[in-house]
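Enquirer: Among the features that TrEMBL reports, domain 'G-protein coupled receptors family 1 profile' is placed at 63-316. Annotation comment: TrEMBL describes 47-71, 83-110, 122-144, 165-187, 224-246, 258-276, 296-316 as transmembrane segment.
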């Protein structure tokens, strides 16, 4: 990034310099690629910035894979309860989000690879939005699980049966993917004659449609509609679930039992806050925060897509005794196996 007076020149590989101050007058005749940005002004430090990103992706992928492995392979019936089935769904969604954003984010910071084709961009934003909506739905299902467990414990097993859980999970996954499906096609019909530079390290519907030189009213209204229909309704029902949970818990005579009941919902509340706080904040900034600092949008975008997949396995493994014990046992077993193999490999040449 080269500063020349009030003009900012962006150099990407062998691309010609682009003046951000002339973004309204520069004419791009339907470019075949978009250009993604990292953190403006810190291009020289991109290699160093890549270290925390690589660390976050590694922890997120290993953590979610570990939860899936333990829930799938563990014979203990306590880890096959509905709560852990929903947690497995959340882990799969978080893995999908991490894998979807990892190529472009790490490509920018490790290899200075900023270009992305239109089709690849549309595919990425489809998976980002559909998986994000799916995660919102799974958090709602987990709130329903806590609601039934605390407010109607005697009917818990009869209400949350495995066939019913599978149907609810499939319905919510299809809801997210079906409602997101029109987005790439709505964007593909546009001509892009403004600056083809996106402000994030990945593609989002709100970002791409802003650089179209056509009327984006339909896209804007449809994007707002599905956001309110899914994120808005999901967050409202989660809030109402916890209102009912709180009312039920406050009727319990013993403070100890009251705290014990609330403690079972702490990990889910953390997951809800980690997901909805940056998502809602970023949506508000994209639609109404025209005067907000660009760096704030960039940082919120990273928090929205990177922090939940990173923190969800950590939060749930810390709060769930059954999960925590199995994870510790798994890592101890892996460490002992490695310790047995390693001395044997070192002793072999001496023989």
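These residue numbers are counts, starting from 1, taken along the chain as shown.
Placement of Cβ uses the backbone N, Cα and C atoms for every residue, glycine included.
Can you tell me where each of these features sits in the structure?
Expert: Counting same-chain residues at least six beyond the ends of the transmembrane segment (83-110), those with a Cβ under 8 angstroms from any Cβ of the stretch are 36-38, 46-47, 49-50, 53-54, 57, 60-61, 64-65, 67-68, 71-72, 116, 124, 127-128, 131-132, 134-135, 138-139, 141-142, 145, 149, 162, 165, 169, 201-203, 271, 305-306, 308-309, 312-313, 316, 323.
Through the fold, the transmembrane segment (165-187) approaches residues 82, 85-86, 89, 122-123, 125-126, 129-134, 136-138, 140-141, 205, 208-209, 212, 218-219, 222-223, 226, 229-230 of its own chain, all at least 6 residues removed from its boundaries and within a Cβ separation under 8 Å.
Long-range contacts of the transmembrane segment (224-246) within its own chain (CB-CB distance under 8 A, at least 6 residues past either end) are made by residues 133, 136-137, 139-140, 143-144, 146-147, 150-151, 175-176, 179-180, 261, 265, 269, 272, 276, 279-280, 283, 287.
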Enquirer: May I ask which of the stretches 47-71, 122-144, 296-316 has the most CB pairs under 8 A with the transmembrane segment (258-276)?
Expert: 296-316
Enquirer: State the residues, same chain only, that lie 6 or more residues beyond the ends of the transmembrane segment (47-71) and have a CB under 8 A from a CB inside it; answer 'none' if no residue qualifies.
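Expert: Result: 38-39, 79-80, 84-85, 87-88, 91-92, 94-95, 98-99, 102, 105-106, 109-110, 306, 309-310, 312-314, 316-317, 323, 326-327, 330.
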Enquirer: For the domain 'G-protein coupled receptors family 1 profile' (63-316), would you mind checking the mean pLDDT of the predicted model?
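Expert: Average per-residue pLDDT within the domain 'G-protein coupled receptors family 1 profile' (63-316): 88.
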